[in-house]
């Protein structure tokens, strides 16, 4: 009985985190971006500085008509937002927030997380293909091409940390982390975070969405709640990427004075803020420029990091 | 990427096949950019033939916003024409009015009071800055940088305040009259112009530093959409776009109208002719125009009080004849060919607008580029759809 209760409690916490953290990140984006652009952002919904803006948005999206284009592949079209969103929820289950505080402690947690993360992109490709819209097809193709660019550096950078810690378990990596890993794994951290931004299709790597070029790409034909699910998946994605970076490269819950989970959340939000900041500051790259960045820049850097990790590891063992 | 490589054994093998590879039969796709598309700023339509993401042919389709301005001119008297004329390029309304009144004044042989001439010059330069700031904000937006537009609009708002104070309008100023201006300058207005200009000049580096040297911005604009001198000459491209390719033509210096003959007009040119050069020219023209505005204010301060317009007859008839008045509008050459048969309306008033000629060249520029570059090029052609379709 206690075991069932334990699992139920963990799942409940994950679902709550899944529902609230992205909204907090989204609201932070509204406000931080507004203030960086000398605006106020939402000020009315909910009374205090527009805190309920995203909830109001959600209510609006639910009420809107759900339009499926006549020429669309109906089932794929309807399924795509779920395919985009659910993988992130699943990944959240294996990310530890404190010692022992994890939805499911898998031995190969890192492997699991990266594998599942890749599925999310399928949603975008499915949406692009099934929409029967030329802009969407272009967006879907860009998504697929982008997948080729960032997946390798992402995995290479993550495997460097796994090598350093000698385990694939996410809680294992976080507890093995020591402060001097920060300079040691710095290159890997940057590569992982940049490749992660590309995975999320966030600026400056938002060419599959590119509202001024291909009009939101795969999402062109989506309305109402399905469109909202795509948006939500973007923000859950930010949370997941920030959390993974925290666990792998920033020591997860480790930190002085404050309790572990607080440290995890602080680091996650700091990274999420960087994601937002980057969006405000940078123009968009071109698809082929991302490919170049990935293959000429990120992959060699990730390999360098891998070699560095190996050498230090051998020297330490000797 | 798609080239067959010669392997070690000397056999040919294909390493990778990308989209648009010649080995695969690919089908061209017709992609309609517009008439409703965010990067066309209105209702310009581009009919692209794309091979994957590469554009093989481009055809600008204009006319979605045609309002028959030239025909309407023929049934309006000259005061009413000014209202119409400032509408086609809604970002440079004052400069548009100018062409009409200059043509009419020339036909009438009318001498404009010196205060009006200097005030017109000042307002024309402020209008130029307003126009350019709009594009300095919207161009980065098209490339995915969402912040510069807010900086640009902050500066625009500062200048709009003085324009609004003098004319009462924010877009369509309607401040020109045949023979001068509508009213005299408000008391203390020149001081507020100086303040606004100083403010904009002080804060312009914010915008510049945010985007101008950004690596991604450079990667997206350098060497993209290069326009050469020959093509510019053939298509009659003018304004900042032509100057960015080294075509050193600026009517303010080469054929001075208003008070430009007495001003040190600095003509900004670049030689690269790419998107980045066009953006650079716009940015430097803003600085140059702010300096000109300051010079105008200084002169207006030193001028003795006097009239700013002329008394006109109740029915203004322009003597028979024809004339062509052209001005250096913010976006390029703006010309009015006025033919009068001595009536109170023109017999014909042909309008040569800058954007119309400038977008035609897209047909030459776009093929060979990617769709992403199409947006970079389109944004750097600095056009207003009303100015194309008239």
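Positions of Cβ are set from backbone N, Cα and C atoms, glycine also.
All TrEMBL annotations are machine predictions without curation.
Range with TrEMBL annotation transmembrane segment, chosen from A:39-58, A:179-198, is A:179-198.
Here the transmembrane segment (A:76-97) does not touch the transmembrane segment (A:294-316). Their Cβ atoms form fewer than 3 pairs under 8 Å, with each pair 6 or more residues apart. Long-range Cβ contacts of the transmembrane segment (A:150-173) within its own chain (Cβ-Cβ under 8 Å, at least 6 residues beyond either end) map to 94-96, 99-100, 102, 105-111, 113-114, 118, 181, 184-185, 188-189, 191-192, 194-196, 198-199, 205, 244, 247-249, 252, 290, 294, 298-299, 301-303, 305-306, 308-310, 312-313. A contact links the transmembrane segment (A:109-129) to the transmembrane segment (A:227-250), because at least 3 Cβ pairs that are 6 or more residues apart lie under 8 A.
Three or more CB pairs closer than 8 A are found between the transmembrane segment (A:294-316) and the transmembrane segment (A:179-198), so contact between the two stretches is assigned (pairs 6 or more residues apart).
Long-range contacts of the transmembrane segment (A:227-250) within its own chain (CB-CB distance under 8 A, at least 6 residues past either end) are made by residues 18, 21-23, 25-26, 29, 57-58, 61-62, 81-82, 84-85, 88-89, 91-92, 95-96, 110, 113, 117, 120, 123, 127, 158, 161, 170, 173-174, 177, 181-182, 185, 188-189, 192-193, 196-197, 199-202, 218-219, 264, 267-269, 271-272, 275.
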